[in-house]
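Student: For reference, the structure I am asking about is given below.
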Amino acid sequence: MAELTVEVRGSNGAFYKGFIKDVHEDSLTVVFENNWQPERQVPFNEVRLPPPPDIKKEISEGDEVEVYSRANDQEPCGWWLAKVRMMKGEFYVIEYAACDATYNEIVTFERLRPVNQNKTVKKNTFFKCTVDVPEDLREACANENAHKDFKKAVGACRIFYHPETTQLMILSASEATVKRVNILSDMHLRSIRTKLMLMSRNEEATKHLECTKQLAAAFHEEFVVREDLMGLAIGTHGSNIQQARKVPGVTAIELDEDTGTFRIYGESAEAVKKARGFLEFVEDFIQVPRNLVGKVIGKNGKVIQEIVDKSGVVRVRIEGDNENKLPREDGMVPFVFVGTKESIGNVQVLLEYHIAYLKEVEQLRMERLQIDEQLRQIGMGFRPSSTRGPEREKGYATDESTVSSVQGSRSYSGRGRGRRGPNYTSGYGTNSELSNPSETESERKDELSDWSLAGEDDRETRHQRDSRRRPGGRGRSVSGGRGRGGPRGGKSSISSVLKDPDSNPYSLLDNTESDQTADTDASESHHSTNRRRRSRRRRTDEDAVLMDGLTESDTASVNENGLDDSEKKPQRRNRSRRRRFRGQAEDRQPVTVADYISRAESQSRQRNLPRETLAKNKKEMAKDVIEEHGPSEKAINGPTSASGDEIPKLPRTLGEEKTKTLKEDSTQEAAVLNGVS
């Protein structure tokens with residue numbers, strides 16, 4: 001403001017020093033030195049500019065001068081007009097012209113100056129221009145030191161900010177200043193903004209430096225978080241950082257985003273450690289045995305989801321076999337978990353416990369399997385049966401062994417087609433051969449020989465017992481079994497022939513005849529039911545075949561009772577059973593060599609009997625036939641046609657071809673009907 005110094009004329013004629021604050025149309029706003037008078041507007045005709053500072057002081061006697069003096073102690077000093085009366089050395093005697101009375105005073109040379117030649121100011125003496133200030137720069141523009149360089153560049157007398165008009169005021173005594181202000185105003189405001197930003201950063205840096213100095217003496221921790229986990233560490237909208245800052249005792253948390261480094265400062269180590277637990281996210285993996293991966297995951301991921309929920313981890317990932325990012329052991333699969341260090345520790349505890357539990361359960365299961373295997377091996381060697389015990393020493397073809405084998409096949413096999421139980425054997429022997437390994441071969445031969453040589457009465461009694469039990473069975477065959485085949489005990493007689501060639505092979509036919517006799521002795525209702533259920537296919541060696549029926553039809557077309565077969569009612573077949581038999585051609589039991597031998601021998605024996613022998617035993621044979629066939633009974637071998645006629649001659653079966661071959665190759669001894677040579 002020194003450049004805009006003016007002299008304001010007072011009421012007593014003296015000029016007092018003042019400073020221009022604003023320029024108006026016809027006046028100036030002036031502020032007096034030392035504020036001895038309040039700020040006020042002064043007209044142009046009472047204001048003048050001070051003289052140049054480099055003016056020469058040449059004063060002589062009689063010159064008019066201006067003396068720097070004051071009228072009283074309350075007023076400041078001002079320039080008064082006077083005249084030099086006398087000079088003596090450095091002292092001058094002056095006479096004030098403003099006063100009415102003559103007033104003389106001795107003053108020194110420093111208080112004198114030549115009369116100011118400047119006239120009062122006019123409207124064009126001072127130039128004023130304004131610059132609008134943005135809102136963000138108003139506070140900065142209020143400081144006059146911010147315009148120091150701008151003031152010097154434009155040549156302004158004064159630059160200040162007017163808060164009422166929010167403008168920057170530029171006052172100058174030169175018109176060129178206005179042009180320069182218009183050119184440099186934008187640049188000046190931009191520079192102020194840049195300076196303001198730099199100043200604010202410097203202030204923040206200063207504050208940070210002070211805080212750092214204070215925190216350096218306190219507790220702090222520093223850790224690094226991976227770049228891909230930085231989002232989890234910060235949290236949604238910085239929630240994790242805010243939660244860490246709310247921990248009591250935490251003073252500051254700093255984050256370097258470039259390096260992913262967190263710095264936590266606090267008043268205590270516990271507070272700093274607790275805040276670190278909210279921000280430190282890591283990734284770790286746990287090796288899981290490959291055979292337990294499915295059980296660790298659980299059905300629909302239920303087990304692994306429960307582990308994740310209880311531990312607090314963020315996510316879990318199972319590394320595939322094609323990925324080799326993590327080191328893995330043989331037979332192990334890495335489970336990768338992401339979360340805080342605390343949650344990773346929790347999931348390790350849960351997973352290790354669960355794996356130990358699964359291993360223990362697997363070990364118990366393996367022990368159970370070993371025990372079951374040992375039991376299975378022991379059971380294959382010896383299987384005790386409740387129905388057998390004291391009767392083990394009886395023959396193979398007894399009633400008890402037959403019933404036992406049928407019951408055993410029921411308990412182990414299903415009811416479907418072609419299913420055979422574990423007691424089924426395709427050889428010549430029976431189940432008793434497998435279940436009684438302790439018996440010697442000689443004992444078997446003795447038992448078979450005894451059975452084949454047993455009396456006719458004893459055999460008939462046994463077969464009658466068998467025939468009484470057979471009709472009650474649920475199966476389709478004559479025997480009481482549930483499947484298609486007959487009793488397995490029938491095969492023991494075949495095997496006896498093969499194992500003991502010295503015995504009489506024709507004794508097998510007696511069993512068949514005794515079977516037929518036993519069937520005749522049974523009730524008529526049971527017999528008709530069983531005959532209706534029979535099929536044309538031979539079930540076992542004990543059943544009569546179609547060829548046997550044809551052989552008998554050659555000898556006598558009318559049965560022993562004198563009734564023709566055509567007079568009988570046509571047999572009614574079950575359609576469902578007939579459809580059932582069509583698809584069971586593949587389920588036939590295998591035909592063995594013993595079957596061919598027994599069948600061929602029986603047929604050849606009947607055909608090659610001498611006429612004398614047949615005539616001799618005709619009475620006995622007729623007696624047996626009468627006992628076997630009742631008046632209401634149908635033909636034994638093979639069903640009749642619907643019209644009651646006999647079955648027409650069928651093509652030769654495989655048994656007949658076998659019989660023909662045996663006749664040509666070997667000679668057959670003559671035998672009587674009852675098998676006694």
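Cβ from N, Cα, C; glycine included.
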Student: Which one of S386, S413, S435, S576 gets the tag phosphoserine in Swiss-Prot?
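Tutor: Of the listed residues, Swiss-Prot records phosphoserine for S435.
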Student: Under Swiss-Prot, which of the candidate ranges 2-28, 164-190, 353-379 is annotated region 'CC2 domain'?
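Tutor: From Swiss-Prot, the annotated region 'CC2 domain' range turns out to be 353-379.
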Student: Out of Y68, Y103, Y161, Y265, which residue gets the phosphotyrosine annotation in Swiss-Prot?
Tutor: Y68
Student: If we skip the immediate neighbours and take only residues 6+ beyond the ends of the region 'CC1 domain' (201-208), which ones have a Cβ under 8 Å from one of its Cβ atoms?
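Tutor: Same-chain contacts beyond the flanks: none.
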Student: Can you tell me how the residues of the region 'CC1 domain' (201-208) break down into helix, strand and coil by DSSP?
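Tutor: Summed over the region 'CC1 domain' (201-208), the classes give 8 helix, 0 strand, 0 coil.
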